[in-house]
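Colleague: Pasting a structure here, questions to come.
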């Protein structure tokens, strides 16, 4: 009320003797706003002072246990300046420093390599092979970097145009016919003294026919990977069984893979105990290998090495067999590792596979014996040469049969190098990459363990149920009769493979 009365009094003149003189409303409004602004400024300053005081008090409370701030002295200033200058110099000369480091490293390794070979050349075979492989990769990288463009324009592009000509397919089929004729001549000369050995050829042709008539889509079968797969099977068989150097090489390679995977036992001994881990070989021996191998593969993906391997296989398989990179890589890895470890290698691409590619991956896993299990079979009396030959020869043959039984009808997403290219893993260092790989393998291991428990339990239940039903009618050994029935069908397959009765019983 007082402010309203003051405002009304201010409208008239303040002279008591004269008549009331009206004042300008604008003047009165400005004076009133001026008073309001002054009051708001004062209130604002008070609020700011209060907030500052509150922040100081809160900081004092929170900083009771904090370390005191040290003065930025002359010594620390010089250290900071030196750090910035060193960091800047490293950033400006990072390429030069990398080259110098690699040159020094190569020189040190060359000196070590010479001394190792001079000391014991026989025991240094692995070092020699790895060095030769590394030198070949280095030379290829240098040639591709500096001469890749001219070579591509002078050789590769004209060859691609040549292969695209319509008449090239006739030349290709002529080459295939010559190769098949040479194989037939070789077989005729090789088995002329024992014609019974041709039985296996008839068995192979019968199996191809049976797979073809039961194919998912016989009209879409691409015979190129089938012919290439069977041809590689024959070539690998001759290399391993008839050539001592070939068998020695693959045997050496398989043993090195086994030795490398056996290092997972050190982790198993530490976690489960050295005296008890072999009492449960599946849980404490096989599954740790999957986890260990997954960590190694994750490190290789982190370094970008696996990406290079997949891209090169994609280019080679597209040029020869016409298969995609992932199913071809799976066929190659199944020679030395099992299905679970192979799935770890293919983990980044599993969800991009078509049904035909996934079928090829599963077929390859079931058709081969991992190198880590070959030693276990050798210990029970199996021939190491035959086991290794079967493992290597079955890889391309399994891929051929897979493409025959389930031909590709979808658009593949892993055919070319561009399709399978992927960036390095987001891990910041090697240890994080290894940890991520080991953790990812836990899902694989748990899935395998769960399926083994469920399936073996179901088989045991069916076995008991069949035996019970047989015992109700006076045939408690009916389960044994079922095994004989399966054995007789196995005997037919063994006879087609020319194993004979003795080989069948050994199987």
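Here, residue 1 is simply the first one shown, and the rest follow in order.
Here the Cβ of each residue, glycine as well, is placed from N, Cα and C on the backbone.
Taken from TrEMBL, the feature region 'Disordered' applies to 1-28. What TrEMBL lists as transmembrane segment is 100-118, 124-143, 170-189, 195-214, 226-245, 282-303, 315-340, 360-380, 438-462. What TrEMBL lists as domain 'Concentrative nucleoside transporter N-terminal' is 202-274. The domain 'Nucleoside transporter/FeoB GTPase Gate' annotation in TrEMBL covers 283-380. The annotation domain 'Concentrative nucleoside transporter C-terminal' is assigned in TrEMBL to 386-484.
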Colleague: Counting each residue once, how many in the domain 'Concentrative nucleoside transporter N-terminal' (202-274) are helix, strand and coil under DSSP?
Modeller: 62 helix, 0 strand, 11 coil
Colleague: What residues elsewhere in the chain lie close to the transmembrane segment (315-340), defined as a C-beta under 8 angstroms and at least 6 residues from its ends?
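Modeller: Apart from its flanks, the transmembrane segment (315-340) reaches 222, 224-225, 228-229, 253-254, 257, 261, 290, 293, 309, 346, 349, 353, 357, 360-362, 364-368, 370-373, 391-392, 395-396, 398-399, 402-403, 412, 414-417, 419-420, 444-445, 448.
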Colleague: Just to be sure I understand, if DSSP states are collapsed into helix, strand and coil, how many residues of the domain 'Concentrative nucleoside transporter C-terminal' (386-484) fall in each?
Modeller: 74 helix, 0 strand, 25 coil
Colleague: Could you tell me the mean pLDDT the prediction assigns to the domain 'Concentrative nucleoside transporter C-terminal' (386-484)?
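Modeller: When the pLDDT values over the domain 'Concentrative nucleoside transporter C-terminal' (386-484) are averaged, the result is 81.
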